[in-house]
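Database features (TrEMBL):
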REGION    1-25  region 'Disordered'
DOMAIN    37-122  domain 'Cadherin'
DOMAIN    123-231  domain 'Cadherin'
DOMAIN    232-345  domain 'Cadherin'
DOMAIN    346-451  domain 'Cadherin'
DOMAIN    451-568  domain 'Cadherin'
TRANSMEM  577-599  transmembrane segment
REGION    723-742  region 'Disordered'
Amino acid sequence: SPPSQSPYVRIRESQRKRERKVSWVASRPSANSVPCMKSTESDYEKGNLSIKYILSGDGAGSDFKIDENTGKIYSIKRLDREKRAFYTMRAQAIDKKTMQPVEPESEFIIKVQDINDNKPVFQNEPYITSIPEMCAPGTSVIQVTATDADDPSFGNGAKIIYSILKEQPYFSVEPKTGIIFTLSPDMDREIKDQYLVIIQAKDMAGQSGGFSVTTTVTINLSDINDNSPKFREKMYRFFSPEDAPVGAIIGRIMADDSDTGENAEVNYTIKELDSFDTFDVINDHKTQEGIIVLKRPLDFESKSRFHLRAEAINRYTDPKLDSSQLTDVTDVKITVGDVDEPPVFMTDFYLLNITENAPPGSVVGTVAAKDQDEDDSPIRYSINHWTNTKRIFKIDIYNGSITAVKPLDREAAFWHNITVSATEARNNPGQVSKVSVIIRVIDVNDNAPEFPKQYTPFVCETAKPGQLIQTISAADKDDPVNGHHFYYMLESGVNKNPNFTLKDNQDNTAGILTRRSGFSRQDQAYFYLPILITDSGEPALSSTNTLTIMVCDCYPDGICKSSGVEAFALSVGLSPAAFIVLLTCFILLLVTVFLLMALKLHKKMVRSKKWEDVTENVGRYDDEGGGEEDTNAFDVVTLRSHTARRERNSQKEKKAKIRMSIRQSLNIGPDDDVFREFILDRLYEADTDPCVPPYDCLHIYAFEGENSIAGSLSSLESLTSFSDKNKKHMSEEGPAPLPIAR
């Protein structure tokens, strides 16, 4: 009878992998087949030899077979656990005669037992990693992993042990996990930057007889900043001429660093041991050079040699390392070459003073320059002509003394700017230096004060004594140091002026006051008051200025009524009568000019109308008539009728219409509207034009023919052999021209 559950039957893989073999527990294998561990035996079989066994399920007939007489199950071919580890099968006993089952079907499972027949396999190859150089022992590098397809739950076929094949002092591997660690801190990238470590993975827990594989782990050392820069030379020597411009490159220094990347970038600094701030260094990060440049001008005569100390230090430093140990220094010596230089003036510019009106030949000042070269050449001086175009100054070519050739007037120009050149007398006359010389003209009191403008004071006829009529001031072209102070008084001899008096306000102004009342225009229209103005200069200068006071008929509010033409005339210094005469002459002149222009324009228009050109218009028609009989084509009365006239257009428009009609049609005739309009307009012009003799009639020759009294206008009459039969061709010649006469 079948068991309560499906039994398991174990079968092992052959280590040779030739044939899968299962054996019954209590049986022996036959010579041709491999028996299973257990036979299938029916309870009914006991004492009955007519039983037959059949096998079905996974692998029946392909992987396994059954002995139908004994019920033993045999494997047909080699089994591979890695491909299939379990087989579920069914067996049944039937009667050989009736082929009927004698018992219910029995189910069982065959489990393939594993043997070590697979090699380990490394995953995720290739193994490449990187660690910092000089890292501490025990630093984890990388983990390698190998897998085995054998059954890890049975035996040691899938148990893998890792080891390093080539012994070396820098790395180790953890046998079970495959993690690689460092052993030594002395791995220097600058000596060796890559290590190849061979790792072996072996199954059977590393025992003999197991399978093994190897892989290569590439370990690269990354750089750390553990090396200081080193100058290529312990002493650098450079040369520079003294006329090198500021910013010129003096030389290049360079330090090498065996590190890589940003750890090898170097910054340079310089320290001048015997000078101050004459040179500078620029870091060129592309070439890793230090460029020494000139920061201040050189002067061979003052200093011809320089000693510098250059230092190289890493641009980026590791905080864990002592940065003071990662530097290097070198000496730099710079020799300055002598160059023939132009003379040098003692100052950058000169400021000289001279008083105005100084006599010609007065010395303004002296400029001085020196040749600082070793030969100390004599200097020659000159004034650039474009700064001394008026030849006011000259200079002594030997000693640089500047003198004034002409008198100077401060009021005309109180500053003079000239340029003085200094050249070497020998060796190199082309070496020229220039300096600006500013000459200031010192003021002297040589101008008397005067009125700043033309005053136009007036006094009303109703003015009372002591009334202020004008406040005056003064102007002086001079420029005293302490400013102007003017004194006012009436000119000597008129201090007892009966009409006006003057009051000095002590603020450079003065007031004109009336002394009496009762002014009258009828008695005297103008008063002339001379005023003496004196300045405070040394010596003091004075001038007499006359003030013209007009007597006015004023409004009650004190405004002069003669504020129109008369006031304007007085403001320009003319009497009202003289101003009116001048204004009248000017108006008459303008009227005369306008009349002449109008007359000239009228004559031009008349002349243009008189000489208007006469345009001949030619018409074409296709038929010929009988001479004078064709004059009936036009009625002269109609031509002279005013009712038939149309609105007159411009002559140019009519001519344009005629020409356009001729171009557009070859059949224009005397009945054409445009043609008729043109004739009417010409007739009207002939009748109304006063510049030409009148015309009594208008002859129109619209057609020609045999009876025409005017004869033929055609050139065909010149042919003596012309016959009437040839006239029939005239209709084929197209329209004949139509002459029109007035």
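Note that Cβ sites are derived from N, Cα and C of the backbone, with glycine treated the same way.
Residue counts of the domain 'Cadherin' (123-231) by helix, strand and coil are 3 helix, 45 strand, 61 coil (DSSP-based). Broken down by DSSP into helix, strand and coil, the domain 'Cadherin' (232-345) contains 7 helix, 57 strand, 50 coil. Under DSSP, the residues of the domain 'Cadherin' (346-451) split into helix, strand and coil as follows: 3 helix, 47 strand, 56 coil. If you take every residue in the domain 'Cadherin' (451-568) and average the pLDDT, you get 86. Under DSSP, residues within the domain 'Cadherin' (37-122) fall into helix, strand and coil as 3 helix, 35 strand, 48 coil.
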